[in-house]
Amino acid sequence: MATKFPSFSQGLAQDPTTRRIWYGIATAHDFESHDGMTEERLYQKLFSTHFGHLAVIGLWVAGNLFHIAWQGNFEQWVADPQNVQPIAHAIWDPHFGQGISDALTQAGASRPVNICYSGLYHWWYTIGMRTNTELYQGAIFIDILVAWLLFGGWLHLQPKFRPSLAWFKNAEAMMNHHLAVLFGFTNIAWTGHLVHVAIPESRGQHVGWDNFLTVLPHPEGLTPFFTGNWGAYAQNPDSLNHAFGTSEGAGTAILTFLGGVHPQSGALWLTDISHHHIAIGVFMIIGGHMYRNSFGIGHTFKEITDGHNTSHPNDPHKDGFREKIGHYGLSHTGITDTINNSLHFQLGLALACLGTAASLVAHHMGALPSYAFIAQDYTTQAALYTHHQYIAIFLMCGAFSHGAIFFVRDYDPEANKDNVLARVLETKEALISHLSWVCMLLGFHTLALYLHNDVVIAFGTPEKQILVEPIFAQFIQAASGKVMYGLDVLLANANSAPSLAAAGMPGDHYWMDLINASPEVSNFMPIGPGDFLVHHGIALGLHTTALILIKGALDARGSKLMPDKKDFGYAFACDGPGRGGTCDISAWDSTYMAIFWALNTIAWATYYWHWKHLAAWQGNMAQFNESSTHLMGWFRDYLWINSSQIINGYNPFGINNLSPWAYMFLAGHLVWATGFMFLISWRGYWQELIETLVWAHQRSPIANLVGWRDKPVALSIVQARLVGVTHFAVGNIFTFGAFVIASTASKFG
């Protein structure tokens, strides 16, 4: 007899309704809730899934390598990266006739193709790849690695090769391994690749499997390293006239501290990047020897956290401190065990860090691009900024979700008595109310300023606008070296201590050249009143998103309205009809509501980045500066003008290469709008509709030839909300992704 899905829950498997299917899917990855699950088995299953996760990533990367080598134009692009458009892949079956086939036969191809806006060409070129053969070799190597990963995942599920629970919970050993091996060695290995392969290739010296053991990356080899003359590796860097990929103007340095960007490629100096990675690698390896493991020396987390409190005999604030300002509690006592025993706490920390890093990458790739010529591929820059910002918001919403699950499932009040976690829970009303106040202040004031400016412009008196200069932000830019504001502070003042120290550094340095360059290549673009207003609009969105998420996590265990909330779990719709006011207050609901605000916020942030850069790239900063001070300017001069090009991807007179984005733009709107159908109508509506459809099905002679085992029932309220927010988010992303790419590509290709 076949086992009914889901095999991990016999209770669900015996459910006679379609609830069996939907709840089975919903809980498939909630390993903690599965039948017969032990803590050790939970860790082992999660450990094994990591191998599968890495394998999926590897297949994705290998697929990119293979398809570009097969269907792209990598070698042609390498020969002229500033003028040849990179091809992502061929389009096998362009629908809608010859017109679309002709429109999509582009970038020198002989058949319909998609243009590549992912930056992969720039990345591979920068790290030293030059031929399709090298791309194929990379794909094959990664596929072999994937096979090993899949084998490793399977192996670690076998009884003899399952790690023990103690192994998973040895935090010191894990931290040493992650710091020294994963981060330390890989950073130094990447420096090795840059020094031995990428930098020689950037200077016209090919390095391949045939000669990488014989080509010296530096004329003096390892002699300066062993003699302590490390400065030799920084001498004779590439000149400002260096033609990337050739020996013209090339130097011999491999580890430099030049600052700024390569004038021709527009990217950070490769020798600066290699220096950056070796420095990080050395620090990480030192850090990887800090924690006590095999030899009984070094720190332990428990000693650090338990010693970090105002009751500890070594606390510097001990004498008289508590008498003056009150007792601070047990601070971090118990925190190590709390984190080490909660996978949700650990995942929350990891997601918060990775989400922040993703947002940092979004900004970094625009302001300080690492890859040769990517700064001049404006559509790719816009696509990558948008991509990484959207990733960031979902990761950070996930961080708070798992923080809330920690409070519901893993938090032990006794183990955390009077420590920082308990203190945060005790002061949650103050935290939440202050955040609420900040949101109202930001929202009302920012909207009022925008609306005032809209009204006075509508009445023909733009001189009556309230325009606030962002003087504090300009001060920060000046401190970093931007001189246009006339603020003589730090690096903007040639006689300040930092400027004199910088001037005293040996060799040439180009940071000041970059920060004071023309706007389209400057990483600190000039800012004014429009920036001030949109900054506060984005701040409103960030604070409101944070308010919803923080409130959801801090109230996850209980609130004045519902003190026993933790007993209902992380996600529940309401506590039945007899207890009013308990709908929409589960911790899951706060994540659900925060996603809408997060999407709003990141749209505003990306609108801002995109419009400002479009204006800079077109040499028309005045348009942004004048139109961004009022809402109609945003609607008319950014959204409407740029949407019009996409909507005309196809029309009664013909079709062009923007048409795929036009279809995506419309389809994204459709998916987005479909979300509201699930968000507004609740479970009863769908149950009645299903029953009507079943009635009609059973009375149709042909349809009734097909039956079903499970009684059809509507999704739960929580599941319907998930369907709604998923449609909203996916539609939002498809709409805006198509908008960004098409509106930029229509101007710059």
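Every residue gets a Cβ built from N, Cα and C, even glycine.
Swiss-Prot has this to say about the protein:
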- 46-69: transmembrane segment (TRANSMEM)
- 135-158: transmembrane segment (TRANSMEM)
- 175-199: transmembrane segment (TRANSMEM)
- 273-291: transmembrane segment (TRANSMEM)
- 343-366: transmembrane segment (TRANSMEM)
- 382-408: transmembrane segment (TRANSMEM)
- 430-452: transmembrane segment (TRANSMEM)
- 532-550: transmembrane segment (TRANSMEM)
- Cys574, Cys583: [4Fe-4S] cluster binding site (BINDING)
- 590-611: transmembrane segment (TRANSMEM)
- 658-680: transmembrane segment (TRANSMEM)
- His669: divinyl chlorophyll a B1 binding site (BINDING)
- Met677, Tyr685: divinyl chlorophyll a B3 binding site (BINDING)
- Trp686: phylloquinone binding site (BINDING)
- 722-742: transmembrane segment (TRANSMEM)
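Same-chain residues at least 6 positions away in sequence with a Cβ under 8 Å from that of Met677 (divinyl chlorophyll a B3 binding site) are, in sequence order, Gly724. Classification of the residue listed as 'divinyl chlorophyll a B1 binding site' by DSSP places it within a helix. When the binding-site residues Tyr685, Trp686 are scored by other C-beta atoms within 10 Å, Trp686 scores highest. One residue stands out among the binding-site residues Cys574, Cys583 for having the most other Cβ atoms within 10 Å of its Cβ: Cys574.
The separation of Trp686 (phylloquinone binding site) from Cys583 ([4Fe-4S] cluster binding site), Cα to Cα, is 19 Å. The local packing around the residue listed as 'divinyl chlorophyll a B1 binding site', expressed as other Cβ atoms within 10 Å of its Cβ over all shown chains, amounts to 15. Annotation note: Trp686 (phylloquinone binding site) sits in a helical segment as assigned by DSSP. With respect to their backbone Cα atoms, Cys574 ([4Fe-4S] cluster binding site) and Tyr685 (divinyl chlorophyll a B3 binding site) stand 17 Å from each other. Trp686 (phylloquinone binding site) sits 23 Å from His669 (divinyl chlorophyll a B1 binding site), counting Cα to Cα.
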